[in-house]
Each structure stands twice: as structure tokens, then as C-alpha cells.
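Taken verbatim from TrEMBL:
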type     : residues : note
TRANSMEM : 6-27     : transmembrane segment
TRANSMEM : 39-61    : transmembrane segment
TRANSMEM : 67-92    : transmembrane segment
DOMAIN   : 70-265   : domain 'Cytochrome c assembly protein'
TRANSMEM : 99-119   : transmembrane segment
TRANSMEM : 131-156  : transmembrane segment
TRANSMEM : 183-206  : transmembrane segment
TRANSMEM : 218-236  : transmembrane segment
TRANSMEM : 248-269  : transmembrane segment
Amino acid sequence: MFIELTSPYAYAAILSCYGVSLTLFFIDFLRDNKLANRVGLVILGLVWVLETLLLGQRVLAQHALPLYSYVQATLFFSWLLISLSVAISIFSRIDFFTLFVNLFGFLLVGFDAIVHGHLAKAVPQQGDLLVLHISVSILSYLLFSVSAIFSVLYLLEDAALRKKRFASGPFRRLPALQRLDVYAYRTALVGGPLLLIGMMVGAIWYDMLTGHFLWLDPKPIASGLLLLLYFVYLWLRGTERISGRRAAWFNLISFVGVLLNFLVIGEFMSSFHRW
């Protein structure tokens, strides 16, 4: 028998495992404890299994991808974050990346559990274009999240170097600053066009559904401003007008727009969007 997606026990199990995993990754961060890192990765894998089961339940119940409500989209986004972090931990081994992805995913699921006491109903007008619109948009948010995490790691390592704490501190295990800067730029470089594609597909779907475009809803307006902000960042960074610390801060400011767009505007201000 499946656990209901909205069951408090399901969220409690996920958040508990998340919390234990996060604690172990933090121990590894402070003490370079490989055992804590490996156990934390195993527990994070358990979180991935739990979320996979819950998402699979929704697919079986609705015969559709679990994307049509804010709750489902948030859980799917968290699942993508974990999938990416586990893959990077296994194949690439960028120290502390998993810690910060884990922290962000924990806060995201916790926010969702606190704000939503029930499962939002699916959007009745479902279709291939809507699935494509939501999927591509969520993928762009995922890449922006990864880009922001690389910028956070850049700023932390840069601060450690400037304070001459790098040689003996935990940040000595991080990649070089230049690599982190390139990682942040390249992931945002892919995320920007994906967000543009998602917006275009969403506009086409809504026009086909209603016969007109959704011009005045806060979500597409905010998404357009967010896209402009990221394209400015990509242009400044790509032409080397800014680099290093300034580029990292610009990227993080842009990511604040992602959080506001996903967690606040779409949920509380938009009359049509609920994710």
C-alpha cells in the first residue's frame, strides 16, 4: 500500500532522512570524515528512493507526469536535485557540492511541507505542450540552482584564500576558483535558453487553450524579468566585463529572482500559475 503524497508521515520520513544526511555531510565538511560522507550519501540515496516512490504513485494514480500542481512540481524538483547531486558525487567528486545541494533540497521540501497542508488539484487542461512547458522550466530552475551553488562555493573559497585560511581549512578540497567560475557560467548558459524555450512553449499552449496570450499575469512578467537578468549576467560574464567575485555575486542575485519566482510569485501572486 502506497503512502499518500500528502501524508505527514511521508514528509516526516523524507525530512528526517534529509536532516541526518545533511548532518553527516556537514561533519565531513568540518573534519574531512570520509565515512560520514559515504553514510550521508547512502541516506541521501534513501531519500531519492522515497521521493521516487511518491512520484511513481502519482504517475500511477493520474496516468501523467507529477507536474500539474505546485506540490508535485516541488517534489519533482527536489528529486532532480538529489539525482544530480548523487550522480556528481559518484562520477565527478566535487567536494561540498552535495552538502549545499542537500541543504537547498531540505529547505525546499521543508517549505513545501509547512506551506501546503493539502495536495493542489491537477490542472484540468493537460496536454503535451503543457508537460513540455513545465518540464523545461523546471530543468532551467535546476540548472540555475546548480549554478548558484557553484557561485556560493566560489565565494567561500575566495574568502578563505583572502583570509589565508585555505591551506588548513576544509575549502582546500574544492576545485580551483577558475573552475568554479566556469562551472557556474556554463550551467547558467544552458539554463537561460531553456527558460526562454519554456516560456515560449507556455505562451503557445495558453494561446491554443484560450485564444489569447497571458500578458498581465505576474508569473510570465517575473519570468521575463528573470530571463533578462540572467542574459545580462551571461553577457557580462561571457564578454569578461565581470568575472570572479563580482560575477558570482551577480549570479546569486539572479538566483534570488528564481526563488521569488518559484516560491512566492507563482504560488501567492499569480491568478493562473500554481507552481
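A Cβ is built for glycine as well, from the same backbone N, Cα and C atoms used for every other residue.
If you look at the transmembrane segment (39-61), the same-chain residues 6 or more away from its ends with a CB under 8 A from one of its CBs are 2-5, 10, 13-14, 17-18, 20-25, 28, 72, 75-76, 78-79, 82-83, 85-86, 89, 98, 102. For the transmembrane segment (183-206), the list of distant contacts is 127, 129-130, 132-134, 136-137, 139-144, 146-148, 150-151, 154, 175, 213-214, 220, 223-224, 226-227, 230-231, 233-234, 237-238, 247-248, 251, 254: same-chain residues at least six beyond its ends, Cβ to Cβ under 8 Å.
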